[in-house]
Structures are given as structure tokens and as C-alpha cells.
Amino acid sequence: MVSVFLSSLLLSVATAQVYSPAQQIDVQSSLLSDPNKVAGKTYDYIIAGGGLTGLTVAAKLSENPKIKVLVIEKGFYESNDGAIIEDANAYGQIFGTTVDQNYLTVPLINNRTSSIKSGKGLGGSTLINGDSWTRPDKVQIDSWEKVFGMEGWNWDTMFEYMKKAELARAPTDAQIAAGHYFNATCHGFNGTIHSGPRDNGQPWSPIMKALMNTTSALGIPTQQDFLCGHPRGVSMIYNNLDENQVRADAGRAWVLPNYQRPNLKIMTGQTVGKVLFNQTASGPKAVGVNFGTNKAVNFDVYAKHEVLLAAGSAISPLILEYSGIGLKSVLDAANVTQLVDLPVGLNMQDQTTTTVSSRTNAAGTGQGQAVFFANFTEVFGDYTPQARELLNTKLDQWAEETVARGGHNNVTALKIQYENYRDWLLEEDVAYAELFMDTSGKINFDLWDLIPFTRGSVHILSSDPYLWQYANDPKFFLNELDLLGQAAASKLARELSTKGAMAQYFAGETIPGNNLAADANLSQWSDYVIQNFRPNWHAVSSCSMMAKELGGVVDATAKVYGTQGLRVVDGSIPPTQVSSHVMTIFYGMALKVADAILADYAKSA
């Protein structure tokens, strides 16, 4: 446990700078809203998207006063919803506002479209997400190098970059007593991104410790620090909140301290439609972007060195396709001339969420959240032999079916991905599902299968980037194990709600409640899940960073294969899903890619 002395010391280290209302107004006045002020001009780097990764890279590049950076963001800085953004306890209230992109999928397995939540504004999805701060398993990141050929993308390297981003705040003794744990060696204390316990000042619910006691009796580890490289068991987690419990989004982290840099310009209210190229003997060279609001009102701006796409896993693939980079079949159908043949928009991997919720009695009231990172056996329980058999016998069939459905274009390469996932689950004790429990007068589990075998796609449907005609097709549950895993995790959440020490606080289930029999089997749970799931909004890999022969779109420095001066630097490039919330990975990834960009800049200077 962290001593009182160490807690006090770390709290003092992590004290944030407080920005006054006048400074906030000054930020607003510094942002560009008139596209004519940048149209036709040349910058060293143009970044398409002012979200987590785009702002991180912009801040690092513009540390060099000689480097001129332009960020183009569709949204704005803060908004009329600012108060909701700042309060992490208001999670969900921001959905459907002007800060939510609210992309729609094609009709899914239940014949309904689903909404993909994604932030719009300076900060991107850090404006609207749940602020959860965890790290993946070491073996997952190591596989990026060992399995996918991305030299330098291993746990040891990424761990240092992730810590470099972090400004950690240790838990107090009261927070430790409630269920937090802190290992100082797993955190960074000199970064920009605040992390620390969520605490609204109310008494702590005893339910977090009850869940830990219940799972501990089953031999499951409890009260862990989920930032050390092996997230397993049950513990409370950290959040991106400063010491005043204000959301520490990427806009606050990177724009507020740096907006006065004369070499950093940020254009808001404009969308990057496509990349501009010059043809060279070595292939297309990115020389700028076309941006605007519609086909009749758009502008060109130029990049001396590089164009960096940071529009997110749903949009960066579309920008590439509008620019002529992608599968010929997709581009031909949209009437776009192909410049480079790459599997853009394939291999998209998102997770699915269901909810199991119950009332609690008066003894269980209080604040708090706890997370159970459950392994394959813990999720499937008595069904483990059947689930294991699927992994040991169905990979070839799944790869063939996925390619036939348009989720990937190479059976052999996809099977390598599947074998990697199988090994994680059966040999490495990697967390397979996350059960996220919230209290505050209830026992509410939001839960998801972390390691999906389904592969979706996102593609353009026309040549006009400002019409927003596209097909986002996650293809949820078209893999049988994904559906069984989501059903089993949901069943487990119901069981835990009334098991062991949890039983004393249980006062009746509300979701699924009477909609599903108390003794429902896995098949019945599967039927329920199909009708009641939602996307988890953690999509990755639509511009996969891996060897080209495995289906890669970008290389180990995030450069788009077959082009010059073009990189993708956002959440579309991780080659795998991870057993974690994704912000820590994205921050570390952005810092690592920024170093690669700066290294190339130094060579050209």
C-alpha cells in the first residue's frame, strides 16, 4: 500500500495548473475559424483531426519553433456542453449533442443500425468517453513486433511512452481502503495527462470490496494496479481527472498550455476531405489536403513535409479512400481513381457491450466503480471445454468466412491474427472480458468481450467527401465465439450480483430482469444479447499497422505503404484489440510516432 507520506508527495507532484476563464477566452480567440486565413498557405505538417492523437502529435512537433504545424478539426473548442464535458460523473449525457459525431452503422445482426459514439471537437473522444485509465497486457503489445513485424513496437518501449504521457496522482488512504491500489513504478509523474481516482466526495459503497471478496474466494486476484502490464482480476481503476475532479481531456492537456505558440495553428469547424498528391517516380507524394464544409465550399492548403491523418478509426480510412488509396473494388464503385492498392477499411475490430443491472439496499449505497478483467475460463465457466474446442478447430473456417464477408482480404494473414488471439486466451492468461461495475445506488455491470474474432469494414460510397456517404459495418457477432463470449460474460455478471459477499446488498435485478429467465442457459443469453447489445466504441485496425503482406496499411513509423509524406497516427492503426481501455495506448502511440516524425525531419533539415 502507498504510505501517507508517499501519497502526499505524489499529490504535490501532480498538482495541475489552473486556467482562468480569461485564459479560456484567449484560447478561443487564438483559434482559426476563417478558412481563407490558411487556404493556399504552406505548413511543415498538416494534421487532419484535433482529437487525442492529433493534438498530442501537434504539441510534440511544435515544441520546435522552426516547425510550422496546422491542425484542422471538424468540431470546436469546448462547447455549450462544457459543463457536461468537465464532469466525468455526467458520462452519457453528452451523447447526441454537438460534441458527438454519432456515426451510424449499416443494419446489423438484429436488423437495426447502431450509433458509433465519437467525439467532435478539440480533444476528440476524450471529451465524451468514460475517462478510464488502464493499460493492456504485455504479451499483446509484444505481439505487434513478434507477430506483425513492427520493429520497436513492444511492451518495454511502449510502457515508457505511456508513462511519459502520464501525470499520476496516487490514491489517498481512504481511496485505498475503498478498493484502489497503486504501484508507483507503473506510473509516470512528469507528463501532461492527469490520472487519478474518481471521487465525488460522497461515502464509498462497500460493494467494491464485496465484489473483491466474492471473486477472491474463487481464487481470482484482487486490488491490483491495472497499469502494470497484466490487467487481471478485480480492482478499482484510475481516470483522466485532475485533482479537482475535472475531465483532463486532450484539449486541456495539449491546447491550453501551447496555444500561444506562433508556429501552431488550429483551424476549427472544417473537415479534411482528401489528401492532395503529386506523382513522383517513387509513387504519390502527399503535398497538402483539401478541406471545407461541402463540395461548393472547400479549400486547399499545403504541407512541406507531411500530411498526418488523425481523424479516428471510422474516418481516416475514408479520407484515404477519397484520396485514391484503397481497394480497387471499393474505389471503382465510388468513382474514385486508384493511386495505391491497399486494404484500407478492412480488419476493423470493435467490441460489444451489454448491461446487467440490479437495485441495491440501503447498506450498499455510496459511490465507486470496480472492474473485473476476467480470463477465458472465468468467463465461460462450465462452457470452457466447448469454447476451447472452437478455438482449437475453427480458425481456418472463421478466416475463410471473414474474407468471404469482406472483413479481410487474405485468409492466410487473418489466420495468423486468429492464432495470436487463441494463444493469448489459452496460454497467456490474457483478460478476455471486462465487467465494469458502477455503484451509486445500484449494482450496474457494463461488460464486453475484449478480444473479438469478428472483422468489420468501413468504406466510402461516393466520391464526394463532404456528403458523408459511407458504410460502417462492424459485422458484430458474425463470429460464433464472439456471441458466446458476450453471452457468457453477461451470464457471469448476473451470477456475481447475487454471489458470496454481494448477496447482502442485492435488492432485485432490473436488467435483464423479467426479460430473461433466472436460470437462462448460454443459448438463451445469446438470443438476449443479439437484441440488446450496443457497440463499445473502441474500434481499431481499420488502417492496420503491420507488415504489408499481412494486410498492413501503414508501416512501423505509421507511413502509408506506397506513398511519401503521408502517415496515419490515430486509433485506426493498432493491429490488435487489447485488454484495456484504449487511451493509454493512443497517447503512448502518438508520442512514439511523433518521435519518428521528428527523426525524419532532422534528417531533412
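Keep in mind that glycine also has a Cβ here, set from the backbone N, Cα and C atoms.
For the FAD site, Swiss-Prot lists Leu52, Thr53, Glu73, Ser125, Asn129, Gly130, Ser132, Gly571, Met583; matching the candidates Val246, Val272, Val430 against that entry yields Val272. In the structure as shown, the Cβ atom of Asn183 (N-linked glycosylation site) sits within 10 Å of 13 other Cβ atoms.
Put simply, Asn335 (N-linked glycosylation site) is 30 Å from His538 (active site, proton acceptor) when counted between their Cα atoms. Asn410 (N-linked glycosylation site) sits 35 Å from Cys228 (disulfide bond), counting Cα to Cα. All chains included, 17 other C-beta atoms sit within 10 angstroms of the C-beta of Asn410 (N-linked glycosylation site).
Separating the Cα atoms of Glu73 (FAD binding site) and Asn278 (N-linked glycosylation site) is a whole-number distance of 24 Å. The record assigns Leu52, Thr53, Glu73, Ser125, Asn129, Gly130, Ser132, Val272, Gly571, Met583 to the FAD binding site, and the maximum Cα to Cα distance across that set is 29 Å. Neighbour counts of Cβ atoms within 10 Å were compared for the glycosylation sites Asn190, Asn213, and the top value is held by Asn213.
A count of other CB atoms within 10 A of each Cβ picks out Asn129 as the most crowded of the recorded positions Asn129, Asn278, Asn375.
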